[in-house]
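First the structure, then my questions, so here it is.
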Amino acid sequence: MAAGQREARPQVSLTFEDVAVLFTRDEWRKLAPSQRNLYRDVMLENYRNLVSLGLPFTKPKVISLLQQGEDPWEVEKDGSGVSSLGSKSSHKTTKSTQTQDSSFQGLILKRSNRNVPWDLKLEKPYIYEGRLEKKQDKKGSFQIVSATHKKIPTIERSHKNTELSQNFSPKSVLIRQQILPREKTPPKCEIQGNSLKQNSQLLNQPKITADKRYKCSLCEKTFINTSSLRKHEKNHSGEKLFKCKECSKAFSQSSALIQHQITHTGEKPYICKECGKAFTLSTSLYKHLRTHTVEKSYRCKECGKSFSRRSGLFIHQKIHAEENPCKYNPGRKASSCSTSLSGCQRIHSRKKSYLCNECGNTFKSSSSLRYHQRIHTGEKPFKCSECGRAFSQSASLIQHERIHTGEKPYRCNECGKGFTSISRLNRHRIIHTGEKFYNCNECGKALSSHSTLIIHERIHTGEKPCKCKVCGKAFRQSSALIQHQRMHTGERPYKCNECGKTFRCNSSLSNHQRIHTGEKPYRCEECGISFGQSSALIQHRRIHTGEKPFKCNTCGKTFRQSSSRIAHQRIHTGEKPYECNTCGKLFNHRSSLTNHYKIHIEEDP
């Protein structure tokens, strides 16, 4: 089109207030966690769009708070209960609160488009396109010169990876794409032709036509904008600015911190409509829904066996070959790719280039290789200052130190019990949910995790791979070996805060502490007697059932307790391990020795 035929281009002053979406304090309280996360994403996306223009720009305090995972209410107030980003924005927010729209997404959409010019004929907002003057007024606003009008692409066109790098919308396109319904035909993975589940997965696809001008100086990876480069550089620097106030764990991104904090608050915003069960993550709800539909979407190409979880397919595929799992398509219904497009492309393009010279295993990163090599070298650079125990990873040391401090930041919402790590909390939760996905082929016993199943199967095979280097005794699992080795080293890291007594294992400390508290959580359903230890309850129940599982191999007599059988067998063997220190007389029972001591006490009062 000739220059003379073009429409007159209005000059538009663009400020942060124009792209800000604000809520009153009452509105903020009513937002669900998922809605607050959407609000953060929208505000940060709008701010990044302004920064990407390359002109000087003062970061608003509300953006700094959102990047740190804080609520946007710690900025100064103007008396109206609205975040003070300026009188202009406060006025807009007050005006926007008059809306009667009960839908959060409708509200945020209305606010996000309130200042965008509309094409009354097409009923679609414009995108401003043009160059910017390299100057700022006193208010920090930018002057857009020769702005041309261009319609926002419809959802149908948005899946064609339309390049929008030269366009800038004052209101984030992300809002509209999240609120408008998904298109019926899912986007395709260009490498395998596999379909993707969500439009957002296509939006995460690298912009193929964009000029990747920002390069990482360490690994030379390129990015299309500075914000992506800064996020990536944190992987090299180890910078973790976002710290959890509960457990002090640090994260490189605010979104990771927000997701982590749910483990402390116990918030479960995702609810199953079938059974009412709640989950902290949408992915956990998605996995749970398969238990109702009995859907098994992940199929092994080798043998045709199907699994309801992709992790189950990965574990199964190791039976066929100890190779890269990407050899087999972990996709849905045996053909379509279940990962996001960006994840799918990484799987196909990435190679395991870090080789271990000891065992030949390959790894995708040098840090993973370093962690692995400590298995061969025995290197444990992270040492506990309290007991001197060393660990190969810093995370293991942090978890261990909680034994000494007594800190248990992860708490069960059902019973209130605390745990030192999230993995132990997850194992404990299975007690309440009763979920058991792994069945033993020998005895049919159901177990809650694959690792527990492997340890259980060693009962049938007799395998004991964990061997003590001092005495040669073997164990089925490493935790039993570690506990046994403390007999040789004399290490007793678990200390009672009441009396100072120390123990080799945490369970012994827990049982001991009930002496001080008087707690007896194990109750017999038959007679109502309570016990401080579960083993005592098990032995007691045999009185009601009449069960005597311990049998003497010599005479066939049976006993309720193994200790009673051991004492009985001394009658046949003639063993008398208990000796009187006064007269040297031997006894086969400790109780007999105790009664014998009374004779000497009476003789020498």
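Think of each number as a place in line: the chain as shown, counted from 1.
Any Cβ shown, glycine's included, is placed from N, Cα and C.
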Among the residues K30, K110, K301, K495, which does Swiss-Prot list with the feature SUMO2 cross-link?
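Comparing K30, K110, K301, K495 with the record, Swiss-Prot tags K110 as SUMO2 cross-link.
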From 3-25, 49-71, 578-600, which range did Swiss-Prot mark with zinc finger?
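So the range that Swiss-Prot calls zinc finger is 578-600.
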Choose the correct range: of 111-133, 410-432, which one does Swiss-Prot annotate as zinc finger? Give that range.
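When 111-133, 410-432 are checked in Swiss-Prot, zinc finger belongs to 410-432.
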For the zinc finger (410-432) and the zinc finger (464-488), decide whether they are in contact, meaning at least 3 CB pairs lie under 8 A, counting pairs 6 or more apart in sequence.
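No, these stretches are not in contact.
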Under 8 Å Cβ to Cβ from K268 (SUMO2 cross-link), same chain, six or more residues apart: give me those in sequence order, or none if nothing qualifies.
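Within the chain, K268 (SUMO2 cross-link) has Cβ neighbours under 8 Å at I262, A278, F279, T280, N413.
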Using a Cβ-Cβ cut-off of under 8 Å, list the residues of the same chain that are 6+ residues beyond the ends of the zinc finger (242-264) and lie near it.
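Apart from its flanks, the zinc finger (242-264) reaches 33, 37, 40, 66-69, 231, 234-235, 280-281, 407, 409-411, 422, 425.
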Counting only residues 6+ away from its ends, which parts of the chain sit with a Cβ under 8 Å from the zinc finger (522-544)?
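Contacts of the zinc finger (522-544) (Cβ under 8 Å, skipping residues fewer than 6 from its ends): 511, 514-515, 560-561.
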Provide the three-state DSSP residue tally for the zinc finger (270-292): helix first, then strand, then coil.
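Counting residues by DSSP class gives 11 helix, 4 strand, 8 coil.
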Which residue counts does DSSP give the zinc finger (522-544) for helix, strand and coil?
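Looking at the zinc finger (522-544) with DSSP, the answer is 11 helix, 4 strand, 8 coil.
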